[in-house]
Structure formats: structure tokens, C-alpha cells
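Engineer: Could you have a look at this structure, given as C-alpha cells, before my questions?
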Amino acid sequence: MALICRSFLLFLLISLLVSYGSAEVRYTEIRSDARPIIPFDQFGFTHTGRLELNVSQIDLSNKNPNIDLARVGFFLSTLDAWMHVLQQLADGEVTCALESDLVKLVSDFKAAKGDSRFDVVFPVNNADQYTLVFANCLSDVKVSMTVRSAMYNLEGKQNSRDYLSAGQTILPRVYFLLSLVYFSLAGIWIYVLYKKRLTVFRIHFFMLAVVVLKAFNLIFEAEDKSYIKRTGSAHGWDVLFYIFSFLKGVMLFTLIVLIGTGWSFLKPFLQDKEKKVLMIVIPLQVVANIAQVVIDETSPFGEDRITWKQVFLLVDVICCCAVLFPIVWSIKNLREAARTDGKAAVNLMKLTLFRQYYIVVICYIYFTRVVVYALETITSYKYFWTSVLAGELATLAFYVFTGYNFKPEAHNPYFAIDDEEEEAAAEQLKLEDEFEL
């Protein structure tokens with residue numbers, strides 16, 4: 001627990017040092033940049049989309065008053081259109097992306113009219129997912145500027161602004177409803193603990209803490225998305241979401257490790273190698289959550305985003321693999337105990353349950369890390385929420401499975417085995433040993 005507290009304080013300190021973005025309202029500073037193409041952000045527009053672009057502190061390294069400012073500017077492009085633009089540039093059909101008729105020209109630097117700033121409100125009437133891109137087609141010219149971009153869709157008769165991308169606008173309701181489900185599960189679990197209080201172990205209270213943290217994590221994420229939807233900014237709700245996301249993640253991985261070791265159920269202590277697993281997993285969860293904060297709060301095309309994405313994936317894979325070791329160790333120890341202590345049935349029941357849990361943990365990790373990512377990749381931007389819902393439903397199913405199989409019981413199957421079952425279990429173990437040989 002002391003390790004969790006220290007890790008939480010470290011995460012909180014580093015998180016406060018991260019400069020938070022503003023979701024679909026972003027501020028970007030460009031300084032002495034000679035890149036010909038600078039992508040800014042992606043957004044899923046409906047047929048009533050709008051882009052507000054405020055460019056200030058414009059400064060070009062070439063001070064020639066006759067420079068062609070029409071070759072420097074912003075445009076919107078879909079991914080398919082951009083592939084064709086690249087082909088046009090390669091074939092020499094156009095010499096600058098701003099000249100292509102496949103992109104939507106938002107504004108070039110001629111709009112500044114000699115000033116150091118300009119403002120544009122650009123309507124988007126064709127529903128699609130667009131990327132805001134800056135193009136500099138002047139060779140050897142470095143650009144400095146500060147850019148504020150706000151993308152939103154107009155909804156309803158009052159044309160209220162929705163700053164969430166199409167496909168994400170339903171997420172506040174999804175997270176809120178799921179939070180109610182978890183709060184209900186927490187209430188049910190408290191009732192079960194009260195009814196079975198004579199057979200409650202410490203691990204059962206740990207399970208309750210994990211469910212409550214998950215419920216608060218979802219309610220804060222719902223508020224986070226709700227504020228972004230209405231104002232384009234999280235107004236501090238993102239900080240609470242990240243804090244509870246960290247606590248939930250650390251507690252969940254710790255719970256899987258503790259259940260895998262049989263702590264509280266089978267033994268009141270942890271072995272040194274099991275403690276080492278926790279000492280590896282918890283600090284790695286700090287790194288993973290810091291990486292997630294940076295990923296969420298930077299532009300999809302930020303220079304450091306790819307690096308932090310790779311860090312997050314690597315750390316997440318290591319954590320997922322590490323939590324499997326205690327389950328494997330428990331299965332091995334129970335198999336050895338079944339051959340030596342004469343209580344084959346009891347140990348076989350334990351062995352069967354741990355095998356099932358091992359398989360479920362693998363399925364949960366695979367689905368939430370691989371299948372959900374595949375859904376995000378193959379589904380249209382309009383249905384982005386389906387991949388989120390799929391991941392959350394998988395998590396809910398994992399929580400329910402864990403609670404149901406490791407709930408307090410007056411007649412725990414670990415210990416309530418009759419003679420016939422013991423003989424059958426011993427025979428099954430013998431057959432398994434012969435099969436392995």
C-alpha cells in the first residue's frame with residue numbers, strides 16, 4: 001500500500017507539470033519552422049460543421065514585401081483526398097497542396113493583409129473526417145505563428161455548439177450510464193459482504209475498492225466529455241479523471257496479481273517473488289498513465305505523441321504479461337500440492353478455478369488491447385463510440401466474472417469436497433499426469 005501511495009504522489013506531481021490541452025479547442029505555437037506540411041488536428045464534421053481559426057504573431061523569415069503569400073496557408077483534407085494530393089504533387093499537376101481542388105482552402109496568408117494576424121470562420125457542409133493542415137510552399141522560408149483552432153458542429157434548432165467529433169458526441173451518456181452500472185454493482189457487493197460477513201476475506205474489500213474507483217473514474221470521464229462537448233474545454237474535470245484512472249488502473253492490476261497469488265484466499269502473505277511482481281507493475285502503471293495523459297492532451301500529430309504512444313504500448317504489454325506470472329505460479333504450486341498432500345479434490349478445485357481465471361485474464365487483455373484497437377481502426381469515425389462501448393462491456397464482464405467466482409461463500413468449494421469427489425479428482429490428476437508424459 002505504501003508503494004501505491006508513493007507511486008500516486010509521483011504521478012500526481014508529474015501530471016501537474018504536464019500542460020493540458022483543450023480538447024477540440026487547441027492552441028499551438030509554431031516557431032521558426034520550415035516544414036512544408038504541418039498537420040494540426042482531426043475532427044469528424046457533420047453537414048453543419050464549423051472551423052474557427054485565429055492566427056496571430058505571424059512572422060516569416062523572408063521579409064521581401066513581394067513574397068507570394070498565397071503559397072502559405074491552411075486547408076482541410078480527408079485522408080483519401082490527401083493521398084490523391086500527394087499523387088498530384090508527384091506527377092507535377094500542382095506545385096503546392098493549396099492549389100489542389102481536392103482540398104478545402106480555409107485561408108492563405110494574404111488574408112492577413114500585411115498585419116501579423118487574421119481570423120477565419122470556415123463552414124464545412126460535407127460530412128466527413130477532416131484534418132486541419134498548414135502548408136508552406138515557399139522554399140527556405142521559416143514560419144512563426146500562434147494558432148488557435150476550434151472545430152465544432154451545430155446542433156438543434158438553436159444551433160448549439162458540439163465540440164465533440166461526430167462519433168464521440170454520445171460518449172458522455174455512455175460513460176454516465178456505465179458509471180450507474182458500477183455504482184449498482186458496488187451496492188450489490190456491499191450487500192453480499194454483509195450477508196456473508198463470516199466468510200469475508202480482505203481481498204473482498206479490495207474488490208469493492210476497485211469497483212468504486214471504476215465507477216468514479218467513469219463519472220468523471222462523463223463530466224470531462226460533457227464539458228468538452230459544450231465548451232471545448234474540460235474545466236479541470238480531466239485532472240480528476242486522470243487521477244481516478246491512475247488509481248483504478250493500479251488497483252485493478254494489483255487485484256489481478258493478488259488473486260493470482262491466492263492471497264487472502266489461500267495464504268495471508270505474499271512471497272518475495274510475488275512482491276517483486278507488484279514492485280514492477282505499480283511503477284510501470286505510473287509510467288503508463290503519464291504516457292496516457294501526454295497522448296490525450298496533445299494533438300494527434302504532435303511531435304512527441306508517437307514516442308509516448310510507443311512507451312504506453314510497451315509498458316502496457318509488460319504489465320499485462322507480468323500479472324500472468326502469479327497465476328501460473330499458483331497453478332504450478334496447486335498441481336504439486338495435489339500430488340503430495342493427499343487432498344487431491346480440494347487442490348483440483350483450486351487448480352480448476354485458477355486455470356479458468358488465467359484464461360479469462362488472457363481473453364480480457366487480448367480483447368481490450370487488440371480487438372478494441374482493431375475496431376477503432378476499421379470502423380467509420382461516425383461509430384467511434386462502438387469501440388469504446390465494446391471495451392467497457394468487456395471490462396464489465398471481467399469484473400462480474402471475478403466477483404462471481406471469488407465471492408465469499410459459506411461453503412467454499414475449496415474446502416467442501418466429499419469423498420467421492422476427492423477420488424474422482426485424484427483419478428483426473430492421474431490421467432492428466434499420464435497425458436503430459
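Using N, Cα and C of the backbone, Cβ positions are placed for all residues, glycine too.
All TrEMBL annotations are machine predictions without curation.
Just lifted these from TrEMBL, have a look:
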- 29-153: domain 'CAND6/7 N-terminal' (DOMAIN)
- 172-412: domain 'GOST seven transmembrane' (DOMAIN)
- 1-23: signal peptide (SIGNAL)
- 174-194: transmembrane segment (TRANSMEM)
- 201-220: transmembrane segment (TRANSMEM)
- 240-265: transmembrane segment (TRANSMEM)
- 277-295: transmembrane segment (TRANSMEM)
- 307-329: transmembrane segment (TRANSMEM)
- 357-375: transmembrane segment (TRANSMEM)
- 381-401: transmembrane segment (TRANSMEM)
Engineer: Against which stretches of its own chain does the transmembrane segment (357-375) lie, if we need a Cβ under 8 Å and a gap of at least six residues from its ends?
Structural biologist: 256, 259-260, 316-317, 320, 323-324, 327-328, 331, 386-387, 390-391, 394-395, 398, 401-402, 405
Engineer: Excluding the flanking five residues on each side, which residues at least 6 beyond the ends of the transmembrane segment (381-401) place their CB within less than 8 Å of a CB in that stretch?
Structural biologist: 44, 129, 165-168, 170-171, 174, 178, 181-182, 185, 210-211, 214, 218, 360-361, 364, 367-368, 371-372, 375
Engineer: Under 8 angstroms, Cβ to Cβ: which one of 174-194, 201-220, 277-295, 307-329 has the largest number of such pairs with the transmembrane segment (240-265)?
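Structural biologist: The stretch I would name here is 201-220.
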Engineer: For the domain 'CAND6/7 N-terminal' (29-153), what's the mean pLDDT in this predicted model?
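Structural biologist: A mean pLDDT of 91 is what the predicted model shows over the domain 'CAND6/7 N-terminal' (29-153).
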Engineer: Using DSSP, what is the helix/strand/coil residue split across the domain 'CAND6/7 N-terminal' (29-153)?
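Structural biologist: Final tally across the stretch: 23 helix, 64 strand, 38 coil.
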